[in-house]
Each structure stands twice: as C-alpha cells, then as structure tokens.
Amino acid sequence: MSGTILENLSGRKLSILVATLLLCQVLCFLLGGLYAPLPAGHVTVLGSLCREDHARQNDTSFLLYSRGAGACIPVTREEVEQDSTKMANELVHVFQMPLPRDLRDLDYSRWQQNLIGVLQVEFGYDSSSELREPPRELQLTIDMRLAYRNKGDPDNGWKLYAHGVEHRYLDCVTSHVGPTETLYSCDMIPLFELGALHHSFYLLNLRFPLDTPSQMNLQFGHMHDLTLTAIHQNGGFTQIWLLLKTMLFPFVVGIMIWFWRRVHLLQRSPALLEYMLIYLGAALTFLNLPLEYLSLVYEMPYMLLLSDIRQGIFYAMLLTFWLVFAGEHMLIQDAPNKSTIRSRYWKHLSAVVVGCISLFVFDICERGVQLRNPFYSIWTTPLGAKVAMTFIVLAGVSAAIYFLFLCYMIWKVFRNIGDKRTSLPSMSQARRLHYEGLIYRFKFLMLATLVCAALTVAGFIMGQMAEGQWDWNDNVAIQPTSAFLTGVYGMWNIYIFALLILYAPSHKQWPTMHHSDETTQSNENIVASAASEEIEFSHLPSDSNPSEISSLTSFTRKVAFD
C-alpha cells in the first residue's frame with residue numbers, strides 16, 4: 001500500500017513545503033496591512049431643508065436637490081421657527097451624496113460595491129409642554145425617495161431608484177433643555193441598503209407627513225437636525241481583495257484536479273476523507289471565483305446576498321470537514337464498514353446545521369427582501385429585532401458548542417495517540433521510527449487546524465464588526481482590520497491547499513516482505529537512509545484495509561500485528 005504524501009514525504013521536502021506556505025501566509029497579511037485601506041469608509045451628510053409645493057407632494061417623480069443648476073432654495077431654521085405650523089407637510093430633508101471636496105464634485109466608484117445609510121434624528125418640543133422624557137419606541141413614519149444620476153447627466157437629471165413609506169422606532173434621550181424648547185437626540189436607525197453601487201451620484205428626499213386622524217408623527221413635536229451617515233466599501237480594499245481572489249483561484253483549481261487524478265489512479269473507491277477534501281476544495285473555489293468583476297459592468301443588487309451565500313456554503317463545508325477530519329483520526333474503528341456522514345457524524349454536525357440554517361434564514365429575511373425594497377430592515381420593529389437577535393444568538397450558541405466539541409474531539413485524538421505510543425518500544429526500530437514520525441506530523445497538522453479554526457471565528461467576528469462599526473482614526477499607517485481579513489482569507493486557501501497536497505495518495509510503492517524478515521530489512525533501510533541527507537518515513541508493509549488513506553488510522557491493528 002502506498003499511503004499518503006504526508007506519510008512518505010521526506011523531512012527536507014516537508015520543511016520546504018511548510019516554509020513556503022508560511023511565507024505565503026505572511027504575504028497575505030502584509031498585502032492587507034500595507035496596501036489595503038480600511039474595508040469600509042463613510043461620509044456624514046447634514047440634511048438640507050427645502051420647501052415643496054402642495055401640488056407636487058404626491059408626485060414621486062418630483063425630486064428636490066440642494067446643489068447644481070435648478071437646486072431648491074434652502075429654508076433656514078429661523079424661517080421654520082417663525083412659521084406658526086413649523087411648515088408641517090411642506091418640509092423636505094434633502095441629502096445629496098457624495099459631498100464635494102475642495103470645491104470639486106466627487107462621485108462614487110463601482111469598486112465601492114455597496115452603500116448603507118443610517119440616520120440620526122433630533123427633534124424638539126416647546127418647553128411649555130408637560131413632556132420631559134419621551135416614551136420608548138416612538139414610531140416615526142418616513143416618506144423616503146431615493147434617486148440617482150450618472151456622470152454626464154444634467155444637474156436635474158435625477159431618476160427615481162426606490163420609493164417607500166416606512167416606519168422606524170426611536171429611543172431618545174434629552175440632549176438640551178432651553179427656556180423655549182427641549183431637544184431630544186435619538187439612536188441611529190437603519191435607513192437603506194444598496195447591494196450594488198452602480199451609479200455616480202445619489203439623492204435622498206425624506207418627508208415626515210403629519211396626519212391628525214391617524215396620529216401620524218404627532219408625538220414628535222418638530223424635527224431639528226437630521227444627520228445621514230452613508231457607509232460604503234472602500235474601493236482600494238475591493239481591489240486588493242479581488243487581486244487576492246484572482247491569484248488564489250487558479251492554484252486551488254489546479255491542486256484539486258491534481259488531487260482527484262491521484263485518487264482515481266488507485267485501485268479502490270475514494271475514502272470519506274478524500275470526498276470531504278474535494279468538497280471542501282469545491283466550496284473554496286466557489287468562494288474564490290471573482291464574480292465581483294461583473295459588478296463593474298452590470299448592476300447586480302443581489303451581489304451582497306450572493307456573497308453571503310457563498311461564504312455560508314464555505315463555512316458549512318469547512319466546519320463539517322473539521323469534524324470529519326478529527327473523527328477519522330480517532331483511531332477507533334467501531335465497525336469494519338466504510339464511514340459515511342450519515343452513519344457516523346449526523347449527531348456531531350447538528351450544531352453546524354442549526355447555526356447555518358439560522359444565519360441563512362436571517363440573511364434571506366434581511367437582504368432577500370432588500371432586493372425589492374432597499375428601505376426594509378428587519379431591525380426596524382421591536383418584534384423583528386427580537387426575531388433577528390434570536391437567530392443570531394442561536395447561531396452564536398451553535399458556534400460555541402461546535403468549537404468546544406471540536407476541541408474535545410482533538411483532545412480525544414491526542415489522548416488515544418498517547419495511549420498507543422506506549423506500544424512503540426515493543427516494535428521494531430524501523431516501525432517505531434515510522435510511527436513516531438507520523439505522530440509528530442499529525443500532531444503538528446492538528447494544532448494548525450485548531451489555529452485555523454480560532455482565526456476563522458475571529459475573522460468572522462471582525463467581518464461583522466466592519467459592516468456596522470467604523471474606525472474614526474484616519475492617521476493609522478497599518479490597518480489591522482484589513483490585514484486580518486486578508487490574512488484569514490489567505491489562511492483558508494493555504495490550509496486547504498496544504499491538505500490537498502499532504503493527503504493526496506502517494507505513488508511510492510514499498511516491497512512486501514514476510515514478518516520474520518521485517519526487522520533485518522528495515523534496519524538495512526535505516527542504515528542506508530542515515531547516510532543520506534533525507535530520512536523518509538516510509539510506509540511499511542501492513543495488513544491494513546486498502547480503503548484507509550492514512551496508516552495512522554490503522555495504528556491499533558499494527559500494534560496487534562507486532
């Protein structure tokens with residue numbers, strides 16, 4: 001039997017391979033740390049006040065803008081205060097993005113991929129009012145109109161992108177108490193999310209309709225400053241990210257083809273671990289496929305959802321593989337039958353299934369609906385927020401249970417190996433050296449698996465933080481977030497690349513000999529190998545099942561044989 005490359009590769013060649021992969025890992029970290037900006041950037045826009053004609057209020061094609069030819073005449077705060085009705089149902093809050101800089105109009109780039117808007121609301125009451133602390137979960141009704149135009153379009157060439165009347169719930173605190181007015185500042189609320197940043201300029205019109213019979217927006221007094229924070233993916237980070245994907249994609253495809261060809265050259269059906277490796281490589285290939293290049297030409301609002309699905313498939317496959325990888329090296333063969341996912345691992349994978357389904361349902365409820373209505377958010381209602389939090393907590397608990405169980409399985413593997421090592425002194429010298437080398441290599445690989453699992457969890461958390469939080473310090477030479485994200489992404493590719501190489505079947509064939517001749521022949525091999533610079537841990541003859549891909553898994557049978 002030939003065994004795997006991990007078992008038969010010489011120490012020098014293995015050291016060169018590991019050193020090369022570690023160098024590639026360092027380069028992935030440096031690529032993100034030295035050349036990539038923060039994953040997300042933002043711009044803060046203070047809303048401009050415009051007054052609209054009553055006759056155009058229900059005309060969704062009528063859009064007000066604050067810059068350029070034909071812009072509306074801005075209304076000052078003093079004019080609003082002097083009006084007896086505070087210009088109710090006449091005011092439009094206008095946000096034009098992006099803001100100009102140094103007297104030069106800026107535009108969005110398609111490299112920036114997506115755009116998210118969150119709103120900070122400030123409103124006031126007359127101090128004569130008895131209300132001092134507003135009630136919690138105030139319902140605010142907003143008429144929202146989002147428009148766009150591109151380079152070369154006239155200043156008034158805005159086209160409606162989406163329109164909706166949505167409800168948001170506010171939690172506010174008192175920010176200022178004056179002699180005539182009390183101001184309240186509210187928490188940020190999600191406003192819109194665009195899965196594709198395809199156009200050059202965007203315009204947002206917000207109206208807060210008042211209606212006495214339905215009590216619409218009557219509990220808010222009058223609006224003061226509205227601040228919109230528009231968050232986008234940084235174009236420089238997207239370029240580095242796609243460069244990394246473009247470079248890694250052909251290498252993973254090539255090593256998968258090479259691995260599967262070597263498996264099919266054997267006179268047996270592929271083992272479970274070999275199937276899992278090729279499935280894992282396929283999931284990584286799907287993740288590496290740089291589909292984002294298409295968004296530079298076509299408008300693809302579903303790209304965010306597609307990216308989440310691709311990453312979810314990879315996470316599910318990676319977590320499944322780790323359990324099978326540890327389970328197949330437990331050195332316990334309960335039954336002579338071939339291992340299958342359903343027969344041996346369905347209990348182990350329950351946490352993975354629950355967590356992945358929870359996150360998938362949450363993603364469909366959020367970004368799936370946003371394909372038709374970019375103003376929708378599951379977090380905007382108390383019930384929706386509780387449901388979303390339930391899914392996230394359920395996924396988090398499942399992840400914690402999974403990681404603890406994976407650590408337990410790896411600990412059990414190490415314990416079993418330790419128990420079996422007590423049998424090594426009774427073996428022949430050649431066989432003892434063979435298994436000591438295999439055990440050392442396997443322990444190193446399992447520790448690398450634990451490190452990869454820990455960094456994967458940390459990378460997932462940092463990725464989620466990058467979507468919702470922003471670093472306000474612009475004077476940082478190396479951005480840890482970008483370095484970490486590119487480093488973890490490179491680590492996935494390097495780790496799977498190494499597994500496909502090390503667990504590929506070796507084509508080295510070793511002569512079959514009788515047990516009585518084994519010690520003499522093996523000692524001669526050791527003497528001959530010692531004269532060389534490379535000592536290979538050759539796969540010694542055994543009576544193991546030909547369907548096993550690692551001689552370490554048949555260690556127990558070897559002990560009995562000796």
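Every residue gets a Cβ built from N, Cα and C, even glycine.
Worth saying up front: this structure is predicted, and the values here are computed from it rather than measured.
The feature compositional bias 'Polar residues' is assigned by Swiss-Prot to 541-556.
Marked as N-linked glycosylation site by Swiss-Prot: N58. N58 (N-linked glycosylation site) is surrounded by 8 other CB atoms, counting those within 10 A of its CB over all protein chains shown.
Taken from Swiss-Prot, the feature region 'Disordered' covers 539-562.
The topological domain 'Cytoplasmic' feature in Swiss-Prot is assigned to 1-13 (among others); the stated evidence is similarity to another entry.
Per Swiss-Prot, the feature topological domain 'Lumenal' maps to 35-239 (among others).
The annotation topological domain 'Cytoplasmic' is assigned in Swiss-Prot to 261-270 (among others).
According to Swiss-Prot, the feature topological domain 'Lumenal' maps to 292-311 (among others). Tertiary neighbourhood of the topological domain 'Lumenal' (292-311): same-chain residues 110-111, 113-114, 193-196, 198, 238, 241-242, 245, 286, 360, 363-364, 367-368, 371, 374, selected by CB-CB distance under 8 Å and a gap of 6+ residues from either end.
As annotated by Swiss-Prot, topological domain 'Cytoplasmic' applies to 333-344 (among others).
The list of residues near the topological domain 'Lumenal' (366-390) in space but at least 6 beyond its ends in sequence, with Cβ under 8 angstroms from a Cβ of it, reads 137, 144, 146, 161-162, 164, 166-169, 189-195, 301-302, 304-305, 308. The feature topological domain 'Lumenal' is assigned by Swiss-Prot to 366-390 (among others), with similarity to another entry given as support.
Swiss-Prot lists 412-441 (among others) with the feature topological domain 'Cytoplasmic'. Residues of the topological domain 'Cytoplasmic' (412-441) grouped by DSSP class, helix first, strand second and coil last, total 26 helix, 0 strand, 4 coil.
Positions annotated as topological domain 'Lumenal' by Swiss-Prot, on the basis of similarity to another entry: 463-482 (among others).
Taken as a whole, the topological domain 'Cytoplasmic' (504-562) shows an average pLDDT of 46 in this prediction. Annotation source Swiss-Prot lists topological domain 'Cytoplasmic' at 504-562 (among others).
Feature annotation from Swiss-Prot assigns transmembrane segment to 14-34 (among others); the stated evidence is sequence analysis. Cβ atoms under 8 Å from those of the transmembrane segment (14-34) belong to residues 240, 243-244, 441, 478-480, 482-487, 489-491, 494, 497-498, 501 of the same chain, restricted to positions at least 6 beyond its ends.
Sequence-distant contacts of the transmembrane segment (240-260) (same chain, at least 6 residues past either end, Cβ-Cβ under 8 Å): 28, 31-32, 35-36, 277-278, 281-282, 284-285, 288-290, 292-293, 482, 486, 489-490, 493, 496-497, 500-501, 504. What Swiss-Prot lists as transmembrane segment is 240-260 (among others).
The transmembrane segment annotation in Swiss-Prot covers 271-291 (among others), and the record cites sequence analysis as its basis.
Annotated transmembrane segment per Swiss-Prot: 312-332 (among others), in sequence order.
483-503 is the stretch from 312-332, 345-365, 483-503 with the greatest number of Cβ pairs below 8 Å to the transmembrane segment (442-462). With a cut-off of 8 Å between Cβ atoms, the residues of this chain six or more beyond the transmembrane segment (312-332) that come close are 272-273, 276-277, 279-280, 283-284, 286-287, 339, 341, 344-345, 348-349, 352, 356, 359-360, 363, 402, 405-406, 409-410, 412-413, 416-417, 420, 442, 446, 449, 453, 456, 460, 492, 550, 552-553, 555-556. Contact between the transmembrane segment (391-411) and the transmembrane segment (483-503) does not hold: fewer than three of their C-beta pairs are under 8 Å, each pair 6 or more apart in sequence. Distant neighbours of the transmembrane segment (345-365): 305, 308-309, 312, 315-316, 319-320, 323-324, 327, 378, 387-388, 391-392, 394-395, 398-399, 401-402, 405, 409; these residues of the same chain sit at least 6 beyond its ends, with a Cβ under 8 Å from one of its Cβ atoms.
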